[in-house]
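Colleague: Here it is: the structure, laid out below.
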């Protein structure tokens with residue numbers, strides 16, 4: 001359950017940004033997670049709600065977007081979002097390379113004055 005560790009890191013990043021802006025209460029956080037991160041969004045939301053209690057993020061909405069996994073086909077040189085079988089959507093070839101799309105980003109932080 002690495003979602004708690006991720007939540008702690010997320011809250012640290014958000015708090016640093018809020019302090020940089022002069023403080024305030026966070027009402028919404030939007031983040032994007034890479035498709036192969038192995039993170040369960042519902043567990044991440046629950047972890048956030050629990051850890052945010054009694055902080056400036058209490059009650060904030062956590063919006064989680066998923067970054068799709070993309071593959072490059074070595075056969076036809078097409079690049080596209082991977083299907084569940086990791087085959088090329090153009091030529092159905094299986095000689096594909098997963099493109100970097102991992103990691104997490106904090107896309108937006110809404111702070112109430």
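Glycine too: its Cβ is placed from the backbone N, Cα and C atoms.
Among the features that TrEMBL reports, Ni(2+) binding site is placed at 2. The annotation Zn(2+) binding site is assigned in TrEMBL to 73, 76, 88, 91.
A description of the local structural setting of each listed feature is requested, covering burial, neighbours and distances.
Modeller: Mapped onto three states, the DSSP output places residue 2 (Ni(2+) binding site) in coil. Around the Cβ of residue 2 (Ni(2+) binding site), a 10 Å sphere holds 13 further Cβ atoms from the protein chains shown.
Taken residue by residue with DSSP, residue 76 (Zn(2+) binding site) is part of neither helix nor strand, so it is coil. Residues within less than 8 Å, Cβ to Cβ, of residue 76 (Zn(2+) binding site) and separated from it by at least 6 positions along the same chain comprise 88, 90, 91, 93.
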Colleague: Express the distance between the Cα positions of residue 2 (Ni(2+) binding site) and residue 73 (Zn(2+) binding site) as a whole number of Å.
Modeller: 32
Colleague: Other Cβ atoms within 10 Å is the metric here; tell me which of the binding-site residues 73, 88, 91 scores highest.
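Modeller: Per the Cβ count within 10 Å, the most buried is 88.
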Colleague: Within the same chain, and leaving aside 73, 76, 88, 91, name every residue whose CB is within 8 angstroms of the centroid of the CB atoms belonging to the recorded Zn(2+) site, in sequence order.
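Modeller: Once 73, 76, 88, 91 are set aside, the remaining close residues are 74, 75, 77, 78, 89, 90, 92, 93, 95, 96.
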